[in-house]
Amino acid sequence: LWKNWWVRGLFTLAMITFFFFIIYLGPMVLMMIVLCVQIKCFHEIIMIGYSVYHSYDLPWFRTLSWYFLLCVNYFFYGETVTDYFFTLVQREEPLRILSKYHRFISFALYLTGFCMFVLSLVKKHYRLQFYMFGWTHVTLLIVVTQSHLIIHNLFEGMIWFIVPISCVICNDIMAYMFGFFFGRTPLIKLSPKKTWEGFIGGFFATIVFGIVLSYFMSGYRYFVCPVEFNNDSNSFQVDCQPPELFQLQEYTLPSVLESVTGWTTVHLYPFQIHSVALSSFASIMGPFGGFFASGFKRAFKIKDFANTIPGHGGIMDRFDCQYLMATFVNVYIASFIRGPNPSKVIQQLLALRPDQQLHIFNSLKAHLVEKGLLPALEGAAA
């Protein structure tokens, strides 16, 4: 038991060290790592399907599985490139054409794979082939869609990538440690080793960790500024005037907390308040991704998705909770954080025909005059 604890602990430290190293290397490397993790997770789940359904003799199937992965990645990454590198795309003629017809090309590629699947159907394997077709598509939905959301979160600022992932890692470690030393009460039948003591201890430890990590990271532009592409230097840049979300504010404590701490006010970054929501989700709902994975493995009578990492299993075993977290963060940003982006609106306007630009200009001018803002602006300019 202790040997397993030490092996698991050493490789956990190694993975955390590697995580900090890729953060140091910057957003582009982080995106490449996300893509590599996505491919490995897809490989692990698909291989379970091959072994369980004995499908090695199915015609074209492994080829088609990887072809569909390529198609879906082409669609999602093409959407990302068009959205975040609009100016670069418009500057290069081949990219501009690919961007304009991107969705049609993506659909044509998928349709080709669909037709290849239909042509590969063999009478004695009909049911098995349709099982595996569904298996591949569900895997694509779980793995590729979520990794696409992770990259979108990263573009909002590396803090939206690092804090949620770190909270899940912290909860996993602390729940394991609390459960190892204090666990007595089973939590759920799907994971017999999970205990209420580990679940509750992990929750409070993750809340504290999230608040402390957010305080540290909110003071650095490198972490809080959106990741943007600089067209002059043709490289990523992370530099901006930090928004109010990442500026220290003074908050008055409730009377209950004031009587306990003796403080009337505290200085916090607003993001720290949001980090409580992120930490809570990582602690309460995040483990359900792990329970889902445990149920999946029990259904197919396997211990781990693979044996890539000693003491931890496969890559998918470490990222089962991260996928739920990625969706939550993306929805949270869209619902409570993100507002209209003027730079993107301007980029889209510049891509319009001159007559369309003139029509929008006249409409905007009439709107500003009606609001009484344009004369004030003209007076200020004079």
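Placement of Cβ uses the backbone N, Cα and C atoms for every residue, glycine included.
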If you check TrEMBL, which stretch out of 271-293, 317-339 is marked transmembrane segment? 271-293
Please indicate, using numbers and ranges, the residues of the same chain that are 6 or more beyond the transmembrane segment (271-293) and have a C-beta under 8 Å from a C-beta there. 159, 163-164, 167-168, 170-172, 175, 188, 190-191, 194, 199, 202-203, 206-207, 209-211, 213-215, 218, 224, 245-246, 305, 316-317, 320-325, 328-329, 332, 336-337
Highest Cβ pair tally under 8 Å against the transmembrane segment (157-183), stretches 12-37, 104-122, 195-217, lands on 195-217
Restricting to the same chain and to residues at least six past its boundaries, which positions have a Cβ under 8 Å from a Cβ of the transmembrane segment (129-151)? 31, 34-35, 37-38, 41-42, 45-46, 49, 53, 55, 58, 61, 64-65, 68-69, 72-73, 76-77, 80, 117, 120-122, 161, 322-323, 326-327, 329-330
Intrachain neighbours beyond the transmembrane segment (104-122), with Cβ under 8 angstroms and 6 or more residues off its ends: 58-61, 64, 67-68, 70-72, 74-75, 78, 98, 129, 133
Residue list, the transmembrane segment (195-217) vs rest of chain: Cβ under 8 Å, 6 or more residues beyond ends. 159, 162-163, 166-167, 170-172, 174-180, 182-187, 223-224, 268-269, 271-272, 274-276, 278-280, 282-284, 287
